[in-house]
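A.B. asks: Pasting in a structure now, in structure tokens, and then I'll have a few things to ask.
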Amino acid sequence: MANTALADTRSELEAGARALGLPLEGVQLDRLLAYQVLLAKWNRVYNLTAIRDAGDMLTHHLLDSLAAVPRIAELVRRVQPEASRVLDVGSGGGLPGIPLAIACPDIGVTMVDIVQKKTAFLTQCRAELGLTNAQSHWGHVEKLADAVGYGVITSRAFAELNDFVRLAGHLLAPGGRMVAMKGVRPDAEIARLPEGWAVESIERLTVPGLPAERHLVILAPSA
């Protein structure tokens, strides 16, 4: 990015994050912008996202992911106050996992994807951005095992809700929540949820600069 464009993008990012209740420090803003540059660079070769315009990346990727961060952070810190852990399923180019890891350095973020080139990108992001609280895993989430479990398991563009809970639900810590990021309210998907799962809440998100519907669907095991 040219210096003027970079300054404008930084100002827009800072204002957007503040509107979302995320007063980020300078180093966090720098890391988010560096992540966007990495995403655009790798995208030219590996096709990580269909969005290529820098302005659209800011709203559709960075701010869209950051909009979910306050709620995800609140939930996981409540469930795991000592060592908060979030699993991002089908993370792709690191959304929402990388923005979450940058905004919340106290939260451990694991990102899983079945496409090796995407997890290679996530590994590169961890190294270049110095994200010691983030890690990536290449493979199928249903084959993962974890003795502790994750306080929050999230996904942004992974699958329908029934597949989300079926494939990843075994990794949830006691008292944990599954948080799906969706566009329009997914009533049809909710109706297809399998037995043993219940919708705790459906929360509408407002993303600065993005005039589109966004919802968080928060799921919990039912008694």
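These residue numbers are counts, starting from 1, taken along the chain as shown.
For all residues, glycine too, the Cβ spot is worked out from N, Cα and C.
Quick paste from Swiss-Prot:
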| type | residues | note |
| --- | --- | --- |
| BINDING | G90, L95, V141, E142, R156 | S-adenosyl-L-methionine binding site |
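Walk me through the surroundings of each of these features.
C.D. replies: Sequence-distant contacts of L95 (S-adenosyl-L-methionine binding site), defined as residues of its own chain at least six apart whose C-beta falls under 8 angstroms from its C-beta, comprise H61, D64, S65, R156, A157. DSSP assigns L95 (S-adenosyl-L-methionine binding site) to coil in the three-state reduction, outside any helix or strand.
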A.B. asks: Indicate the candidate from G90, E142 with the smallest number of other Cβ atoms within 10 Å of its Cβ, considering only these binding-site residues.
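C.D. replies: The binding-site residues G90, E142 were compared, and E142 has the fewest Cβ atoms within 10 Å.
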A.B. asks: Are there any residues in the same chain, six or more apart in sequence, whose C-beta is under 8 angstroms from the C-beta of V141 (S-adenosyl-L-methionine binding site), and if so which?
C.D. replies: L87, V89, G90, V112, L167, A168, L171
